[in-house]
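Student: According to TrEMBL, the protein carries these features:
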ACT_SITE  GLU1242  active site, proton acceptor
BINDING   CYS48, CYS53, CYS56, CYS78  [2Fe-2S] cluster 1 binding site
BINDING   LEU266, VAL267, VAL268, GLY269, ASN270, THR271, THR272, VAL273, ASP369, LEU413, ARG431  FAD binding site
BINDING   PHE894  substrate binding site
DOMAIN    9-96  domain '2Fe-2S ferredoxin-type'
Amino acid sequence: MMLCSTKCSELVFFINGKRITEKNPDPEEMLLGYLRRKVGLTGTKYGCGGGGCGACTAMLSKYEPILDRVLHYTVNTCLQPICALHGTSVVTVEGIGSTKTKLHPVQERIAKAHGSQCGFCTPGMVMSMYTLLRNKPQPDMEDIREALGGNLCRCTGYRPIIDGFKTFCGATDCCQNGDGDDSCCKSNGSYCSNQSKDMSDELCDMRNSLPLDPTQDLIFPPELLLMRKNQESSRLYFKGERVKWISVEDLEDLLELKAEYPDARLVVGNTTVGPQMMLKDVHHPLIIYAGGLSELSRIKWTDHGLTVGAACSLSLLKETLEAAVRRLEPEKARVYQALVATLRCLAGKQIRNMATLGGNILSANPKYDLNSILAAAGCILHVISKDGKRDIPLDEDFFTGFGKTVLKPSEVLHAVDIPISRPWEFVWAYRQALRREFAFSIVNAGMRVTLREGTDEVESLQVFYGGVAPTLLKARRTCKELTGRPWREELLEDACRLLQEEVDLSQGANGGKEEYRKTLVLSFFFKFYMQVLLELREKLVTDAQSSKDPVGRPRMHQASFQQATGEAQYYDDIPPVRGELFVSMVTSTRAHAKILSIDASEAVAMPGVVTFISSGDVPGQNRRLWFNNIEELFAEEEVICVGQIIGAVVAQTREQAKRAAGRVKVTYEDLLPLFFTIEEAIEHQSFFNPKRKLERGDVDKAFEEVDCVLEGELYMGGQEHFYMETQGVIAVPRAEAGEMDLFVASQHAAFTQEVVGMTLGIDSNKITCHVKRLGGGFGGKVMKIAALSAITATAAHKTGQAVRCVLDRSDDMLITSGRHPFLGKYKVGFMRDGTVLAVDMIYYSNGGCTLDESSFIMEKALLHMDNGYGIPHLRGRGLVCKTYLPSYTAFRGFGGPQGLTMIESVLQEVATCCGLPAERVRQLNMYRDKESITHHKQLFSPRDMLRCWDQCLEKAQYHARRQAIQLFNAHNHWKKRGICAVPLKFGIGFSKGFYNQGAALVNIYKDGSVLVSHGGTEMGQGINTKAMQIASRILKVPMSLIHIKETCTGNVPNAAPSAASFGTDAVGMAVKDACEKLMNRLEPVMQKHPSYTWPQTVVEAYCQKISLSTTGFFMGPHTNVDWESGEGNAYYYFTFGACCSEVEIDCLTGDHKNIRTDIVMDVGMSLNPALDIGQIEGGFVQGVGLYTIEELQFSPEGVLMTRGPSQYKIPALCDVPPQLNVHLLPDSHNPHAIYSSKGIGEPPVFFGCTVFFAVKEAIAAARRERGLSDSFPLSSPATAEKIRMACEDQFTKMV
């Protein structure tokens, strides 16, 4: 075809509803110049001429037959050739409204919001927003931000522009910081404080703004609609002075033209050719325009993914991919997610509306972001020509130079296959530019790694970079060397070395910034490495470990399915032994009395009763010495609390035993003194020995140097364990040598074995304790169960039959008691800025009638009295009060929460006195030195504690929410809110060093199965699961081959209690030790027979007479405190954390609502994040009960009144904050414990105090409003009663 003789076509389009006909348009003329010079519409501005500022924005509309709808989209008119406008409608800023006729709401609102200063960018801003509203009349804020992404403003800082436009998405206030009323600056203080409310209203009043009425917008010209629907399309030819333009009729026409004119430039969006022609004066004699071909714009789904037409706009591609991401499973959408992330940052909205996928690829510019990710994804290009079709992989070989590809001049890119991602395939895209959006990248990258299924072995790796070479660069050598390697830290190190060698950016490389770009190359790969690791964790594959290694993964509790189906067996689920009997306790009804007589005759005469036992029936010792204090199994001559065990009835059934126990008559003679409270004990000077003291600095001298001195006290009530499974045991005597098996619910089986042996007068080697699992323990099944087991064993010894003891809830609460009540009295000296220089604290605990573990608990309280605060002069004294209540015992936290809460109360009061936020006072007084020393002279680093604190405040948005609370309180008289944040430093391990040990026994059987036994007790904390994870890692076998049958004193002797958050540390190390011994034995066999499976290796080892059984032992640290000198390493290490809670109280009722809690916890490198987070959440909620709900109540005679769920309330679902956010501190390592983990069971209980102190802050707000002091006493738990009475008002004064 000879173009010189071809007649020029007629160009038809519309501008602002007016038909435009051009019979001789110039192909080099852009719409911007045409509007301004030929049509006289100068509202569209020239800003840059290259599509980089948005000042020239206008709206184009065209009918799309494939979608059967009219599309509205913004364009940069400076890049829009008029010859491409045939059949389209153009709307400019003049066409939507004017002051002469009527303003469009968009125009009005940007003006009212002060979004126009110099005003040059304003028309472009208006047209971007107008177009958005034509497509989406009710946009959201993200839509608005995207629409304006291609528009620049030098004057306003954009805020007022957004303020004006966001009113279209339902916001009635114009200020981004407003609170929802109709005028701006009234509530946020951004306007001058001396201005009146009316002036603030006048500043930005949207109340009378014009409503958006789409019916008033220009319609798409019917003529154009009919023209397009009737397929009135043909080849168009336009000829200018220098350039000829052909708009093709169809795909066949395009291929014929490309065959005839192979050097002609193909154009669709003109975003590459246009700037070249406009800014660089590049000349193209012939331009072939294919923007009207629907065949090149189609998008279709295939079995392998998306096939996208080369002429598809980037905006349409983005919308399609976003829809695909929402629809597809995450594993299949990784490529599309990476592309969407890239497209969101690529250029502005106007450019994305014009630019095409094919144009972006064929531009072959390494700064264009899409090629690197498309290449990494393995996309296929479908190329066509008059001679046929071919498919080409999109990779580095496709690009032959800057701006050059392997396409033949006559070929056309038809479509691009973008595949869905496969399982175990990870894809990411990266870019760095001078600006996050709307800027060319300095360096971009696309990376894809495919791992062998179920492993972390690299099956294939694709790493592409743009911006580091004249063309797209693939790191070939790096990818080849890393293939087949495990995705671990060693791979990262080698990858960085290889990339540094392979990517050559020597000095003077094109583009400059050589060192920066080289750094980006490595940084991008590091980000990719870490992000793959993150996804691997979600797929249960983590850093530096094989896919079969379960350590560090959120493994399910090993018995969870059984628990869910009811198959998990607890002690009382064990089927009865033939002839089994039941025992029920006879307890004292007097708090302090002499036993005159015990008459069990009536009870014994009852049906089914076998016998009655008391102290006289004990074959061994009824009394034992516990740290120089006598503990009686059965009370002999005197009772010292209500609930003390005097005897027991043995019967054939539970009901018979229970009824008969009530018929035992005990005659008493009441004794004095009789008291139950700490205050009464202080008055009587009734204390257990030893009395403890710790001191740092010179407290007395410091009090002489401070600005202020304050004295006060805080009382913390006790707490019932309320484990779901009550305490109990089954004692089964054996036929010879006095042997006995105990199936017992104990946290300390070895202690139970010891006490039972002493009671029966039998060596411990004949007493075997079996513990399958506990239905909760929390410290309550350490000491008391030993006595119950000894009584049951005595009954079995006497009767010669198996005896079962199962306490009912009432008896369990009466006999076993719970957490110690504490009273802290303090004197604090501080400066006016909140710096605390001296604290003198006296701790009193209610130990009850016997010592139990009260001394150790008091010691832990004293050892934690500093929490995370480096108070230079600190003195603490601890006294355990002896009262006539049931002996208080261990409870989760073991005195730590009480000790910590007291110092927090001190700082809270100091903040109140100084008129400072409590958070500021806490932060001011924290340990800061890299090497800090506790008040008991133990060296530690507070680094991770400070990190927890900072992250907690940040994640909780503490400061912003505190301001919001102040605003809430100012507007609400009867409801008040409070917020509190506290840090945590919690010692892990036993301060008595001999307990810091662990043992395990590991047996491998010939079929390859593994049996692990250890001395820990599974009580829900997941110790068995973690032990199996550790064994699985060392032995390199799946967890399915590992079994833990039970905890048994016959397998692992002399085990320490599962307590002090030390169970996994001790047991884990012991299991690790045993498994490593076994692997050392098996290693020669494995080396000799590398192809053997695990069972084959085990059989071969057996045939070689290699022992397949061994013990493991962990000798923990020697921890001890010299209480004479007041110093020593009390703990193995410290677990750190921080917590922030917000509450709302009802001042009229005292009811409170837990709104939100944020916790950041340092658990080191978690062995099992799922279990650890569960421990954190569970501990916190238990703490919520301790500090706000759970209250023990006694009668004046010392009888526990709250002996069941109807009287004693633990937290229910409604008490859990709707927002409970738990974060594990990243990048924390603990060199002291198993695989750098940390103990976590006990510390979170203390975080319940944040709710307590938040409640106190809310009460203080109410009191301040009523003219009362905001310093007032509030004891724990902060029950509704206490809250209400602290909110003194006219009603409280009336009672």
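Note: Cβ is positioned from N, Cα and C throughout, glycine not excepted.
What TrEMBL says about a protein is an automatic prediction, not a curated fact.
Keep in mind that what you see is a predicted model, and the values were worked out from it rather than measured.
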Student: Report, in whole Å, the straight Cα-to-Cα distance of ASN270 (FAD binding site) from the residue listed as 'substrate binding site'.
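Tutor: That comes out at 73 Å between the alpha carbons.
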Student: On a simple 10 Å Cβ count over all chains shown, which one of the binding-site residues ASN270, THR272 is most densely packed?
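Tutor: Answer returned by the neighbour count: ASN270.
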Student: Please list, in sequence order, the residues in the chain of ASP369 (FAD binding site) that are at least six apart in sequence and whose C-beta is under 8 Å away from its C-beta.
Tutor: THR342, CYS345, LEU346, ALA429, ARG431, SER441, ASN444, GLY466
Student: Could you state, as a whole number of Å, the largest distance between Cα atoms of any two of LEU266, VAL267, VAL268, GLY269, ASN270, THR271, THR272, VAL273, ASP369, LEU413, ARG431, the listed FAD binders?
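Tutor: Spelled out: the longest distance between any two Cα atoms in LEU266, VAL267, VAL268, GLY269, ASN270, THR271, THR272, VAL273, ASP369, LEU413, ARG431 is 28 Å.
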Student: How many whole Å apart are the CA atoms of VAL268 (FAD binding site) and CYS56 ([2Fe-2S] cluster 1 binding site)?
Tutor: 19
Student: For a quick check of packing: other C-beta atoms within 10 Å of the C-beta of the residue listed as 'substrate binding site', how many?
Tutor: 29
Student: Within 10 Å of each Cβ, count the other Cβ atoms, then let me know which of the binding-site residues CYS53, CYS56, CYS78, LEU266 comes out lowest.
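Tutor: Relative to the other binding-site residues in CYS53, CYS56, CYS78, LEU266, LEU266 has the fewest Cβ atoms within 10 Å.
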Student: For the domain '2Fe-2S ferredoxin-type' (9-96), what are the DSSP-based totals of helix, strand and coil residues?
Tutor: 19 helix, 31 strand, 38 coil
Student: Determine the minimum-neighbour residue: among CYS48, VAL268, ARG431, GLU1242, listed as recorded positions, which Cβ has the fewest other Cβ atoms within 10 angstroms?
Tutor: CYS48
Student: With an 8 Å cut-off on Cβ distance to the CYS48, CYS53, CYS56, CYS78 Cβ center, who else from the chain surrounds the [2Fe-2S] cluster 1 site?
Tutor: LEU32, LYS45, TYR46, GLY47, GLY49, GLY50, GLY51, GLY52, GLY54, ALA55, ASN76, THR77
Student: Nearest to LEU266 (FAD binding site) by Cα distance: which of the recorded positions CYS48, CYS53, CYS56, CYS78, GLU1242 is it?
Tutor: CYS78
Student: C-alpha of CYS48 ([2Fe-2S] cluster 1 binding site) to C-alpha of THR272 (FAD binding site): distance in Å?
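Tutor: Between the alpha carbons of CYS48 ([2Fe-2S] cluster 1 binding site) and THR272 (FAD binding site) there are 15 Å.
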